[in-house]
2 protein chains.
Amino acid sequence: MKNGEDLRSDADEPDTKRKKCEDTETVGNDDAHSCDTIPGQQSQHSPSVFAFQDFKLIKVLREDARQKFVTLHGSLGPNDAVVLLERKHFDVPSLEKCLRHTTCEETFHNDIYSTFDVFSGGHISHMKATLIHPATEKHIAKYTEREPFVIRETPELYKRVVLPCIEESKFSFQWVYNILEKKTESERIVVEDPDPVVGFVMVPDIKWDRKNIEALYLIAIVHQHNIRSIRDLTNEHLPLLKNVLHKGQKAIQETYGVTSDKLRVYFHYQPSYYHLHMHFTHVKFEAPGTDALRAHLLEDVIDNITLNSEFYQQKTLSYVVRENDALYNSFQDKNYFRKESE
Amino acid sequence: MKNGEDLRSDADEPDTKRKKCEDTETVGNDDAHSCDTIPGQQSQHSPSVFAFQDFKLIKVLREDARQKFVTLHGSLGPNDAVVLLERKHFDVPSLEKCLRHTTCEETFHNDIYSTFDVFSGGHISHMKATLIHPATEKHIAKYTEREPFVIRETPELYKRVVLPCIEESKFSFQWVYNILEKKTESERIVVEDPDPVVGFVMVPDIKWDRKNIEALYLIAIVHQHNIRSIRDLTNEHLPLLKNVLHKGQKAIQETYGVTSDKLRVYFHYQPSYYHLHMHFTHVKFEAPGTDALRAHLLEDVIDNITLNSEFYQQKTLSYVVRENDALYNSFQDKNYFRKESE
């Protein structure tokens with residue numbers, strides 16, 4: 001265990017927050033070709049140096065493609081060196097100017113969608129651009145950050161606001177039934193148990209490339225219809241839940257060599273679709289939706305129901321809705337947000 | 001609510017996974033100066049174009065400094081356009097070559113630590129480098145990804161493995177007591193309640209710059225000593241927990257204008273230090289440690305203890321330990337991992 005003050009922070013995170021702060025302090029940017037932050041210190045004009053000309057790589061210590069961050073162990077002369085490299089965030093105030101002067105190479109084109117490798121101030125592409133043009137209001141809405149609100153959903157709010165919203169949505173489960181009945185994706189099935197009560201089908205999530213084991217992401221869909229979410233679970237479902245957990249873990253170990261102590265197994269609440277399903281992801285993968293405000297560990301759900309069969313009918317559940325979600329609109333229609341601010 | 005197949009994926013995430021897949025398919029890279037992926041398609045040599053020369057920015061739709069990703073709404077001629085820009089990840093196989101040929105500008109230097117703006121193939125810096133040189137084995141270990149293991153900590157394992165490890169660590173809380181007694185950081189206190197039983201002190205987390213409201217991160221530290229973690233909580237602590245929740249939310253609204261429906265309030269288990277404290281973060285901020293395998297929402301903890309005073313003495317708790325953590329070593333000494341794999 002580490003000692004003292006150092007324990008207060010997880011020090012091996014990239015420098016996002018500090019840089020953000022620098023960004024806000026940067027005033028203007030006269031270089032029309034730059035898409036990059038020119039931080040305050042740089043105006044001191046330190047002399048350029050070839051600091052790494054003798055660098056020899058020994059090992060890549062850590063790599064984070066999501067954050068564009070890599071940590072290297074190497075040598076510089078007789079000594080060891082650790083080098084942290086991270087891509088800089090965009091200098092947003094100068095982005096318009098920058099984009100107009102960049103050259104691009106089109107890498108994909110289909111209808112209104114195209115992607116480019118973008119070159120700014122050199123012959124090497126440091127970024128990718130995706131263009132949707134002409135864009136409709138729906139495209140603009142889809143890519144706009146929508147304001148999040150934390151909901152504290154009591155059992156009473158579930159019955160009065162959420163359940164009617166689910167029932168009104170008349171969402172089709174045909175694509176789910178197609179998977180369960182092997183009409184589609186049957187070649188993708190990793191494991192299945194055809195039992196109508198405790199059975200399920202497990203398939204790779206469409207977000208997973210099925211190659212990068214550390215980004216492993218599988219979905220188990222239960223055969224039973226009409227279990228909408230964890231809100232519907234009681235102790236009568238314990239055999240189903242335990243069966244999915246154990247057979248799912250076993251299949252992942254046999255198929256991908258990933259043991260159960262490397263897996264995060266959970267429900268979403270709210271889920272994306274109201275037919276009961278579980279997520280199996282690799283703990284090394286920071287999958288979207290693993291936040292404590294959305295993910296409910298399957299083993300915790302089993303424990304909670306075992307102690308109290310009605311746990312998920314009695315529990316207040318917290319989660320985030322976003323402006324213009326159907327659920328957000330339902331809460332607003334029922335004056336939930338007005339009540340909160342009163 | 002959206003319809004059909006589309007609901008299966010959160011489509012507005014940056015393209016990390018697909019790009020990762022492309023990366024592994026890229027074979028070699030002859031440009032010694034490039035620190036970037038040159039994807040397969042580019043070898044078709046599409047002609048360079050000034051695709052964005054008429055681009056007019058209307059609005060920045062979304063910005064993610066952590067992922068180096070920005071979404072723009074603008075116009076191209078008479079039509080609306082949506083543009084997604086993201087920094088490319090590094091082409092790791094060519095990083096060594098690349099680093100040797102780049103020029104750098106030193107932006108910070110203190111002892112063995114320095115930072116640089118790195119220029120590769122142009123006059124604009126697209127990345128930041130941090131150099132630790134000479135580096136010791138401890139530095140190398142600190143920046144190496146350590147293998148994670150999911151622990152299922154039963155009450156029995158807590159008593160037999162975890163509690164002795166906490167007690168042996170002889171970790172000093174002096175810096176915590178200094179804050180509580182206003183010997184340090186008193187000018188940083190956002191709110192305090194001096195009551196010895198239900199009181200607490202709230203300060204900004206050192207990771208927060210105190211400017212970017214959407215990255216808001218505060219810590220509430222309770223005045224009571226000897227509450228190590230949520231494992232120690234029973235219904236006698238309910239007045240303390242409710243007091244911290246409500247006074248903390250109120251102070252954040254008054255000081256920063258952030259309402260309670262924008263806050264994620266939680267404990268870590270395992271915590272970084274064993275003096276009870278709570279995290280208050282903005283829901284828009286994907287803070288490290290919000291994963292369901294580490295974060296326990298304060299309101300859930302209050303609910304669980306209200307229903308069953310002994311909840312956290314009876315519950316099995318799941319979390320991740322990493323190779324060479326003191327706790328990992330304790331579990332290994334007690335043959336936890338051997339038992340798991342038998």
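Positions of Cβ are set from backbone N, Cα and C atoms, glycine also.
As given in TrEMBL:
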- A:1-45: region 'Disordered' (REGION)
- A:1-23: compositional bias 'Basic and acidic residues' (COMPBIAS)
- A:Trp175, A:Glu185, A:Asp205, A:Lys207, A:268-279: substrate binding site (BINDING)
- A:His277: active site, nucleophile (ACT_SITE)
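Positions of TrEMBL features highlighted on the structure.
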residue: A:Trp175; record: substrate binding site; Cβ contacts under 8 Å, 6 or more apart: A:Thr184
residue: A:Asp205; record: substrate binding site; Cβ contacts under 8 Å, 6 or more apart: A:Tyr217, A:Leu218, A:Ile219, A:His279
residue: A:His268; record: substrate binding site; Cβ contacts under 8 Å, 6 or more apart: A:His279, A:Gly289, A:Arg294, A:Ala295, A:His296
residue: A:Gln270; record: substrate binding site; Cβ contacts under 8 Å, 6 or more apart: A:Val162, A:Ser229, A:Arg294, A:Tyr319, A:Val321, A:Leu327
residue: A:Ser272; record: substrate binding site; Cβ contacts under 8 Å, 6 or more apart: none
residue: A:Tyr274; record: substrate binding site; Cβ contacts under 8 Å, 6 or more apart: A:Ile166, A:Phe171, A:Arg228, A:Ser229
residue: A:Leu276; record: substrate binding site; Cβ contacts under 8 Å, 6 or more apart: A:Ile221, A:Val222, A:Gln224, A:Ile227, A:Arg228, A:Ser229, A:Asp232, A:Leu233, A:Phe267
residue: A:His277; record: active site, nucleophile; Cβ contacts under 8 Å, 6 or more apart: A:Ile219, A:Ala220, A:Ile221, A:Val222, A:Phe267, A:Pro271
residue: A:Met278; record: substrate binding site; Cβ contacts under 8 Å, 6 or more apart: A:Ile219, A:Ala220, A:Val244, A:Leu245, A:Gly248, A:Val265, A:Tyr266, A:Phe267, A:Leu298
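Chain B has a C-beta under 8 angstroms from the C-beta of A:Trp175, taken from the binding-site residues A:Trp175, A:Leu276, A:Met278. Under the three-state DSSP scheme, A:Gln270 (substrate binding site) falls in the coil class.
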